[in-house]
Amino acid sequence: MQLPKFNELYKSLILTPSISSLEKELDISNKPVIDLLAAWFSELGFSINITSVPETNGKFNLVATYGQGDGGLLLAGHTDTVPFDDGLWTKDPFQLTEKDDKWYGLGTIDMKGFFAFVLEACKNIDLTKLDKPLRILATADEETTMAGARAIAAAKSFRPDYAVIGEPTSMVPVFMHKGHMSEAIRITGRSGHSSDPANGINAIEIMHQVTGQLLQLQRKLKEQYACDHFVIPQPTLNFGHVHGGDSPNRICGSCELHIDMRPIPGVNPDELFMLLNQALLPIMKQWPGAVDVYHLHEPIPAYACDTDSALIKLAEKLTGETVIPVNYCTEAPFIHTGCDTIVMGPGSINQAHQPDEYLDLSAIKPTQAIIQKLIEQSCKN
């Protein structure tokens, strides 16, 4: 099989749905995309290792390796996309549509298209002249649980010198981002008839106490923690969603609040979760058994790469850009456990998760050149 042309690679990736979602009716296996990548990288001489991701709906990771041993470069990305709103897209999400010097399609920049760039770079390099191994990692479920990246981190099956995650950064290297925590506080009261409010335990009234304590925790985080690389330097706490009760004439028997917390580098998610529980401890003592705090999903740690890293210096030299921090999350905390890691890929983050997601065609040639040089300079002595 001859490797398809760049635009055909792109078309095939976009044509193959790989949506991940916590809603089961929307969740799709990524195996067809994994199989495409396996065939293409195998054609270029890479050895292929495909593994199932535990506790997922038919999801798989792929590691394609050219060379032997540790060291070298890892180019990483996720194969899944977010769901799409059919009413907001003006183009078919699963067709690569060219218009106004742009390629439209779901995953063009977030981030299946990155693999087409990597394949094109590998096609134009004499891989036999590389002195160090080149690995390609394609993961599952980044858009939901990051189960694929977590599985790779747990396996510890290889250790490159450097890793580049090809999320859309307009090819500006990213060296730091905050983490993400989604937490639930559930209040269980005792319902009853509203004509006698004292004859029950009103969960909304207890939640009122909870929000007061959390506002104090907000202030504490701002006063005691800071990372000046970020525009908002402190770990944040946001009230995102609350629901409780079912009727005006009933005492509210249950109420639930969902909050978002963003740890900064140096602050472990476990530490923030402990502070959250400590803030609510007085209410827990006042109302034994009424307050339950739990993760809506497993926390994602913050990430930071040492600015003295040779990888950062190389990325800055190749792109002409200075490394930056960002506020969104990636798989970097899990990849970074084994090597120096940056986030850098084609396309603007402003297009991610948006209707009519697109890649600006003017980015293609510069991006291909940067990725090719990155491979050559990272994998040669």
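Note: Cβ is positioned from N, Cα and C throughout, glycine not excepted.
Asp110 (Zn(2+) 1 binding site) carries neither a helix nor a strand DSSP state and counts as coil. Per Swiss-Prot, the feature Zn(2+) 1 binding site maps to His78, Asp110, Glu167; the stated evidence is sequence analysis.
The annotation active site is assigned in Swiss-Prot to Asp80 (among others). Long-range neighbours of Asp80 (active site) (same chain, six or more residues apart, CB within less than 8 Å of its CB): Ser18, Ile19, Ser20, Asn30, Lys59, Ala140, Asp141, Glu142, Glu143, Thr144.
The feature Zn(2+) 2 binding site is assigned by Swiss-Prot to Asp110, Glu143, His353, with sequence analysis given as support. DSSP assigns His353 (Zn(2+) 2 binding site) to coil, not to a helix or a strand.
Around Glu142 (active site), a 10 Å sphere centred on its CB holds 26 further CB atoms from the protein chains shown. Taken from Swiss-Prot, the feature active site covers Glu142 (among others).
Non-local neighbourhood of Asp110 (Zn(2+) 1 binding site): Thr81, Val82, Glu167, Pro168, Gly347, Gln351, Ala352, His353, Glu357, each in the same chain, at least six residues away, with C-beta under 8 Å from its C-beta.
Highlighted in sequence order, Thr81, Val82, Met111, Ala352 have their Cβ within 8 Å of the centre of the Cβ atoms of Asp110, Glu143, His353, the residues recorded for Zn(2+) 2, and are not part of that set.
Sequence-distant neighbours of His78 (Zn(2+) 1 binding site) (same chain, 6+ residues apart, CB-CB distance under 8 A): Met111, Ala138, Thr139, Ala140, Asp141, Glu142, Glu143, Gly148, Ala149, Glu331. Among the listed binding-site residues, namely Glu143, Glu167, His353, the Cβ with the most fellow Cβ atoms inside 10 Å is that of Glu167.
Other residues of the chain with a Cβ within 8 Å of the Cβ centroid of His78, Asp110, Glu167, the Zn(2+) 1 site, are Gly77, Ile109, Met111, Phe114, Glu142, Glu143, Ile165, Gly166, Pro168, Thr330, Gly345, Ala352. Under the three-state DSSP scheme, Glu143 (Zn(2+) 2 binding site) falls in the coil class.
In the three-state DSSP classification, Asp80 (active site) falls within coil.
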